[in-house]
């Protein structure tokens, strides 16, 4: 279907299902319960899941396929965001021009950066991209303050011109919208003790992510994608055969820059602000973490990794001492205090520590990321089933085992 | 053929799932924010709980201040709920609060980490509003974050009570109808400091500015520059220093070569600690230029910074919003209950956050409603006393508090690690008041209050 083989079609369907039903999947606990703390189905976080999913998918096209580790990818996201906010300030609050402009500007910027950085490969490439991103960050933070509004971040104002729209509606800034549907509009569905929020902005992001994901599958499976994989496995040999690999890596770089711009544009569409720290090296590092955590080079891994990190950042960081006291209230005071003392460093402001430990565990035990973990589980399950089949007189266990060992 | 059948059945499966979902959903209450009863977002009456969102930096350069702010918020919640000794509730001129929560609702709170980044701060504030049902957001230890979160609260339709934010822009060009600031600002620092500097150092001085290269630095530099130039000082040079800088020697050397006799450090937090230490190490304070002793000025002081810079702050002038050594009734009540709970005196960041929480609660109680528009109306042009800064006005035109400003100096002989600053002068409020359309604050508009829904 859609030019995909059966396996990819299944994957695409899984992604479509997960994104469309995310409000249900992410809100498994009733509102009033203690566990409601772990619900992630509120609009802002759901939007972040898919937006960073797009960012990671794009990054994976460069890093997963060609092995070029860009350490400055957040710069494209940031540049895209600024372009998006400017479109909203100058043109209209409709999100379409903002998103398109973000992609165009990020694409152009990645052409410039890619042209220079791709002269080197390996660690030198990484350092060059890092330098570019830090340069962009510093410029946005101070020198370019008239364009970027510096540390405060670029935001909308009551007296922005907005050529194709209105500057203000009854003293407030008009909301970002898609042909009249405001991005922040939500419908709330209450089913018994559960509440599910369906947000217009989230569904826009979700649809865009599905399209982006589909495009990524097509790129992965195309001859172009194969060429990129060849760059990863041995670029030198490829050059010796007389192939010029540069146009391919360049194209991959620009494509992933446009993906980053798209993510930046969507961020602006959901929340019209662009801050310079979006371009900081920590932000660039984050997308690297997402991709590696989820599984570099796999189609779905980066999306999972993005979700994982954003979940930690937004849910774990908000568990404070009071919440812990509520959880352990049933225990005697002394045990309660000991337990809290043990758990406390890993939650709240210590979420970085927990994430770091998880990352280490994944990298050491599952070098292929979460996707490898899932693959192993699936294989375990399959193997068990085949042994059952064998007992029942089945065959082809050998072939399956060989696959599992891969 | 089998493959074809496979896809159809999958599609059918999806269709059936979707259809049954819709059927299940139909009889249940299908509510939209537009149809709901409340006229504003996160109505505690509708949610059945009252949640305030405390959004402070828990990691990053201002983590110390954030931790102190959080302590103050917890104390404020205790006092509002009638626990503890009541603190400044007893000295507050408005007696609308009775220590029974707000309008009979027990105050609950959620906390979040701004990381001193506008993006992270907005994400955290959004989750408080969307997930936890917060009806008011407060906090912040940096103007960039405060401005960003204030704009978000305006869009979302909740009240924002700014924490420590000193930049003119928060109630200047970036002011919002749903946002309020109790803390003082750069202009007030300049207006309060200038006369004191004039008395101490004379009116014939040449100043050299080192300014942190971001928004707050710019507004502070402008404020100090115009205030000192108005009394006859000359500004020799203004140099921007990167925010991430930790070593300022490269910026101090040119000061030695210039004929400036005053160095103004428009730095805050770790920046100020490092630049001041460097300046002292370079012997600036022992220099004599133009026949006068070389002096250093730090426009915005905080106790936590003074602690970091140690002995280097001795004798250096600066301004501050509040200091725990103030002798009025309100300050003493606050210091006492804070000290009893935590074992040390509160910082100015803690004070402003505590006061903001009380002011919000009081405004709700007086308005009789949590509706942001009613709260805005109750706070605008509200005059109060007993919260540590003397008689104070919440000006309706820009949502800025007007009150006395303290000019402080590093103490020569500190008696404890908290007793680092001494109050030189309490600048009366008239001297720091400005027009809402003063050039340093121009270019913004409050707009109208937004109740969300």
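Each residue, glycine too, has its Cβ placed from N, Cα and C.
It is A:288-312, from the ranges A:163-187, A:288-312, that TrEMBL records as transmembrane segment.
Segment annotation: TrEMBL labels transmembrane segment over residues A:353-374 (candidates A:353-374, A:375-396). Listed stretches A:49-71, A:247-268, A:353-374 were compared with the transmembrane segment (A:200-220); the greatest number of C-beta pairs under 8 angstroms is found for A:49-71.
Within its own chain, the transmembrane segment (A:324-347) is flanked in space by residues 34, 316-317, 353-354, which lie at least six positions past its ends and keep a Cβ under 8 Å from the stretch. Taking Cβ pairs closer than 8 Å, the transmembrane segment (A:288-312) reaches residues 8, 11, 14-15, 40, 45, 48-49, 52-53, 55-57, 59-60, 63-65, 69, 71, 73, 209, 213, 216-217, 220, 232, 351, 354-355, 358-359, 362-363, 368-372 in its own chain, all 6 or more past its ends. Panel annotation: around the transmembrane segment (A:247-268), residues 47, 51-52, 54-55, 57-62, 65-66, 68, 70, 73-74, 76-81, 83-85, 88, 95, 98-107, 109-111, 113-115, 117-118, 176, 204-205, 208, 212, 219, 224, 227-228, 231, 274, 278 of the same chain, lying at least six beyond its termini, place a Cβ under 8 Å from a Cβ of the stretch.
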